[in-house]
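Contents: one structure, followed by commentary.
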């Protein structure tokens, strides 16, 4: 089995090392990741600057681009054989609810799907996570399960793991995305030269963390697995929209 591993925290992050080392026990693993932290890069691609790669001593490849760049260039140019699965992570921090739209971790998995490959994104739910090895073992089990149960062509799996020792994780729940309140306001301040600068405020508090959501599962000590679709169409609204838009 051949796997491509990437992330958005960067090629030097502890999460990608833990993930790659665990997966190497069952597969050939290529690691291609950003040369710096690219959190919240979403699905952005680099179109106005050239991409360069740097082959590190440990065999990993660093790219001066976004997570989506890394997966795209890895599949198209770097991997000597096409991988069978893309695994993104392990992210330092959860990617649940609305966060998935901003997440570079989820975006790397989505890029794998755009390139025709099944993919999963793995995140460790804590501000300063500790138990990367536990999350890596969960990822390993999911990858092994996917051998017998391949993903549909239009889906990825978004996996969020509570930051607990493996033996304290209660189990796995299949969930839907929860939701957050609006993000907190922008912070306006000045730099040392007196020039005005802005910092984006932190994400809003959880709005929907009810039973069945990713937020709810992780809060209870369970791994959350949410199947995400690439199709963003609001299918339930098509007829209602057509009824009035045709009269314009």
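The backbone N, Cα and C atoms fix where each Cβ goes, glycine too.
Worth saying up front: this structure is predicted, and the values here are computed from it rather than measured.
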Query raised in the report: So Swiss-Prot lists 8, 9, 91 for divalent metal cation; which of 39, 68 goes with them?
Result: 39
Query raised in the report: Taking the mean position of the Cβ atoms of 8, 9, 39, 91 as the divalent metal cation site, which residues outside that list, in the same chain, have a Cβ no more than 8 Å away, listed in sequence order?
Result: 7, 10, 13, 15, 37, 38, 67, 92, 93, 103, 104, 105
Report task. Pick the one among the binding-site residues 8, 9 whose Cβ has the fewest other Cβ atoms within 10 Å in this structure. Result -> 9
**Report entry** Position of peak Cβ density within 10 Å, selected from the binding-site residues 39, 91
**Finding:** 91
